[in-house]
Every structure is written in C-alpha cells, then in structure tokens.
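Novice: Dumping the structure here so I can ask a few things about it.
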Amino acid sequence: MNVLLGGFVIFATFVTLCNASCSFIPNERFPGDSTRECTDLKGNKHPINSKWKTDNCERCTCYKTEIICCTLIATPVGYDKKKCQRIFKKEDCKYIVVEKKNPKKTCPIDQWIL
C-alpha cells in the first residue's frame, strides 16, 4: 500500500512539474476506513463525487481514491505581443488581451493554451 501511495505521489509531482492542466491528490485511506469524503490541500472536506471551484481557478472533483483538480484558465499566446498585453481577471478566471496604448480596446487572439 505504501509503495502504491509513494508511486502515486511521485506521479502527481511529475504531472504538476510538467505544467499539466490537471493535478492529482491522493485521498489518504487506512485499512477499515469507510470515510466518504476527501480533504483538499486547505483542509476542507468534500463528499465523494462532489465538485467545487478553488480560489486559484481550478475545478476539482472528489473521488474515492483521489482528488483531481484541473485549471479553468486558458492562456492567450497568439496575439501581437508588441502592440498588446494580456491581463488576468481573477474574478472571472480568464485573461483578456488589450492594446497597450488603449487598454479599452481588445486585441484579436488566434491561439490559446490550457
């Protein structure tokens, strides 16, 4: 059991370091444990099969064996970087791209990454 958990932690770390759009958090279980909830990284409890949005713009789901959190943020990369700048709107979990000289005017975007 410890070997499996250790392997999973290494895998989760690898996925996170690779700038993945999702991260995996093992749900700690002990023999005889019948807990029907997950504990997130802030210590909050969530029922199995529940979903929630985090403060850092991730959508998380609690499963029996793990919590999976995936980013909700699409990052614009295909725009005129000399003429425009991207601005992150945390309240909406999204970027907007506006002209540097006239921030009221948006710029066209042709590529996004998750």
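Each Cβ is built from the backbone N, Cα and C atoms, and glycine gets one as well.
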Novice: Mind checking which of Cys57, Cys60 has the disulfide with Cys69 in Swiss-Prot?
Specialist: Cys60
Novice: Do you know which of the disulfide-bonded residues Cys70, Cys84, Cys93 has the most other C-beta atoms within 10 angstroms of its C-beta?
Specialist: Cys84
Novice: Find the one among the disulfide-bonded residues Cys57, Cys60, Cys62, Cys69, Cys70 whose C-alpha lies closest to that of Cys84 (disulfide bond).
Specialist: Cys57
Novice: Between Cys62 (disulfide bond) and Cys69 (disulfide bond), what C-alpha distance do you get in Å?
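Specialist: Here the two Cα atoms lie 9 Å apart.
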